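Have a look at the structure below before the remarks.
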Amino acid sequence: MSVSLQSRPTTIACLLGPTASGKTAAALALAARRPIEIVSVDSALVYRDMDIGTAKPTRDERARVPHHLIDIIDPADSYSAASFRADTLRLIGEIAARGNTPLLAGGTMLYYKALTQGLNDLPGADPALRAELDADAARDGWPALHARLARIDPATAARLAPNDAQRIQRALEVCMLSGQPMSALLAAPRAADDAAAAYRFVPVALEPSDRAVLHARIAQRFDAMLEAGFIDEVERLRRREDLHLGLPSMRCVGYRQAWEYLDGAIDYRTMRDKGIFATRQLCKRQITWLRAMPERIVVDCIARDSTAQALDALERVLDGLAAR
């Protein structure tokens, strides 16, 4: 084998798509054909005890094919894009060493971007500083901290809502630890990183030719979650003293709305409508991310044979037949 062939990157198929686009069906179809292991690209599936609202793969589905990065942390904890990148690169190597094929599947596009493009050199979390900022917010309110951020990093503040506690806290934390605005750090060239250079990530994107059809699916899916006991799931989480709406886990679509309903802040119908609307907004953002990937292979997720089309696209990628 020539040196050029030896150094050719290993192709990794990535099945990406918005909520309710059929990713699970396509991944399981591939698992019926090849010895794959699925690496979840989903920031909600990492949390334990959050099964219904995140549409986590069922026990039967997980028994049919190994899944990774699911149920790995407690809802009181956080999981970063940096952690995802490190874990995924490690898992890809471990899966290949077992003689299986890794398939990345999910819809958290920020994770995918971190994996394929690397990370900016931002300081890590500082628990003591976060506690200090939380205390300031408890006293003055998050809009006051948003105003503080606007004075030192107006570009970041301009894209954040005054009550976006998690992101305001992180932006202030970065500024205070680094001495630079987060917007400036994000705009700086990424540090050289060879960790992912051994791989060629090829995205197969499940996108709707008619968004209204996907919106109808989203409503049906949310109703199915409610019927499956989603409110009870959130109630169990709500009874925990260490969980609150400011945590990343409780920012997952649907959980905040169900929590507000249980608090008596909104009625059941409003909770349902807000949950569906939030899911549609997530879907819109996911599609925007996908369409910014010129290298993606597009499959119409509302076509009658969408699973077969996705399966064919994935197999072509893995067989080296997809255009480079």
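Each residue, glycine too, has its Cβ placed from N, Cα and C.
The stretch that Swiss-Prot tags with region 'Interaction with substrate tRNA', taken from the ranges 125-130, 215-220, 251-256, is 251-256.
Of the given residue ranges 6-10, 116-120, 166-170, Swiss-Prot assigns the label region 'Interaction with substrate tRNA' to 166-170.
Residue ranges 100-107, 204-211, 284-291 are listed, and Swiss-Prot annotates 284-291 among them as region 'Interaction with substrate tRNA'. Residue ranges 42-45, 46-49, 270-273, 314-317 are listed, and Swiss-Prot annotates 42-45 among them as region 'Interaction with substrate tRNA'.
Long-range contacts of the region 'Interaction with substrate tRNA' (42-45) within the same chain, counting only residues at least 6 positions beyond its ends with a Cβ under 8 Å from a Cβ of the stretch, are 53-54, 56, 69-71, 79, 84, 106-108, 110-111, 248, 252-253. Of all Cβ atoms in the shown protein chains, 17 besides its own fall within 10 Å of the Cβ of THR24 (ATP binding site). DSSP assigns THR24 (ATP binding site) to a helix in the three-state reduction. Taking the recorded positions LYS23, ARG130 in turn, the residue surrounded by the fewest other Cβ atoms inside 10 Å of its Cβ turns out to be ARG130. Other than the site residues GLY17, PRO18, THR19, ALA20, SER21, GLY22, LYS23, THR24, same-chain residues with C-beta atoms no more than 8 angstroms from the centre of those residues' C-beta atoms, the ATP site, are GLY107, LEU206, CYS301.
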